[in-house]
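Asks: Copying in the features that Swiss-Prot gives for the protein in this structure:
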- 8, 11, 91, 137, 140: ATP binding site (BINDING)
- 8, 11, 91, 137, 140: CTP binding site (BINDING)
- 21, 23: Mg(2+) binding site (BINDING)
- 228-329: domain 'HD' (DOMAIN)
């Protein structure tokens, strides 16, 4: 029996990145031998065991053979005669097909070290094409390591295009697509994930609402980048700089979906695109089974982001009604989320990357003023039932009006 550290732990250590999870491969052993040594078996489809002390995963070396469609259609073979090289060959990318023995020596049968040095994401073997999930995984790795200068090897991108063209992605479940997307949204450069999907044709299959934005023009006066798809990825990039939250980043990604519905004869204007985009947000989220909280914020951002841009023009009643509409009294975090997504929208434009966004500050200030109006005083004044809410709203509007007169510049 020989034990090797494999995969991501080896890769990230060589890149000088923090190692989170460690996975091990056991060569020359059997399930019974592992159980006798005190390991606990957890894998049902193939033999994976938990170490009795560290609880890290130890898998018997195995090979995989395609036996059906999609990413689950594989038959595994695990036996003492399966070599380390056999096991590493089934992995997706060469930089993930690295192993380290107990002396610290790196075993690299597929030139993963060379690709690591050259910052290349390259598939190990043609078997890559048998698993459609790998298209999403490579896009996610491209996003995760973009800041280190990694790019996808030409032959790997070509294979990803072929897989997409042959309909392999249609076998992916919504849950797996969302899981990979959610993970990509946590990276430093989530926009790279969607750009890679577009480069291989997968965006059209998995995110048609986003793909439809490319080639749709916006007024050059407001959008020097012109193309709404490019603007969408620029805003996502900006959102990633402004917030680590997945819901903020996803909402930013979806903020302009309504522009894809504008008839070409009305281009480059997109009047009413915000509310129009709400149904597309709902459609996308229902298809991918996006969690409700994330979906709800995306709907609100699509509907109201343009309203925030015009904040100095809003009357106090409209501002308080906005807080009602986003349910800010129960979910106050939405004010900050809406401020961040709206700022990302403005700064996600060519030449505006460092622009100030005072509307975000005014929104936050108005919220502090509105929420500081005490409910207790209204009750103590003798108001009852529905009158309490009406009087509370009236006082909030008055407070915001007073603040706006002093702090918010009047529109020209």
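Yeah, the Cβs are placed from backbone N, Cα and C, and that goes for glycine too.
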Asks: Quick check: which same-chain residues outside 8, 11, 91, 137, 140 lie with their CB within 8 A of the centre of the ATP site CB atoms?
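Replies: Checked against the 8 Å cutoff, the neighbours are 7, 92, 93, 95, 96, 141.
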Asks: I need the most crowded of these binding-site residues: 21, 23. Count other C-beta atoms within 10 angstroms of each C-beta and give me the top one.
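Replies: Max Cβ neighbours within 10 Å, all protein chains included: 23.
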Asks: What is the average pLDDT across the domain 'HD' (228-329)?
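Replies: A mean pLDDT of 95 is what the predicted model shows over the domain 'HD' (228-329).
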Asks: Using DSSP reduced to three states, classify residue 8 (ATP binding site) as helix, strand or coil.
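Replies: Where residue 8 (ATP binding site) sits, the three-state DSSP reduction gives helix.
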Asks: Would you work out the biggest C-alpha to C-alpha distance among 8, 11, 91, 137, 140, the residues that bind ATP according to the record, and give it in angstrom as a whole number?
Replies: 16
Asks: Which of the three DSSP states, helix, strand or coil, fits residue 140 (ATP binding site)?
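Replies: Helix, per DSSP.
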Asks: Taking the Cα atoms as reference points, how far is residue 11 (ATP binding site) from residue 23 (Mg(2+) binding site) in Å?
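Replies: Counting only the Cα atoms, the answer is 12 Å.
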Asks: In DSSP terms, helix, strand or coil for residue 21 (Mg(2+) binding site)?
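Replies: Looking at the DSSP assignment, residue 21 (Mg(2+) binding site) belongs to neither helix nor strand, so coil.
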Asks: Show which residues of the chain containing residue 8 (ATP binding site), separated from it by at least 6 in sequence, have their CB under 8 Å from its CB.
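Replies: Looking at Cβ-Cβ distances below 8 Å from residue 8 (ATP binding site), excluding near sequence neighbours, one finds 19, 20, 21, 23, 96.
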Asks: Around residue 91 (ATP binding site), which residues of its chain at least 6 apart sit with Cβ under 8 Å of its Cβ?
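Replies: For residue 91 (ATP binding site), the qualifying residues are 7, 97, 124.
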Asks: Suppose we draw a 10 Å sphere around the Cβ of residue 137 (ATP binding site). How many other Cβ atoms does it contain, all chains included?
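Replies: Around residue 137 (ATP binding site), other Cβ atoms within 10 Å: 20.
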Asks: Using a 10 Å cut-off on Cβ-Cβ distances across all protein chains shown, tell me which of the binding-site residues (11, 140) has the largest neighbour count.
Replies: 140
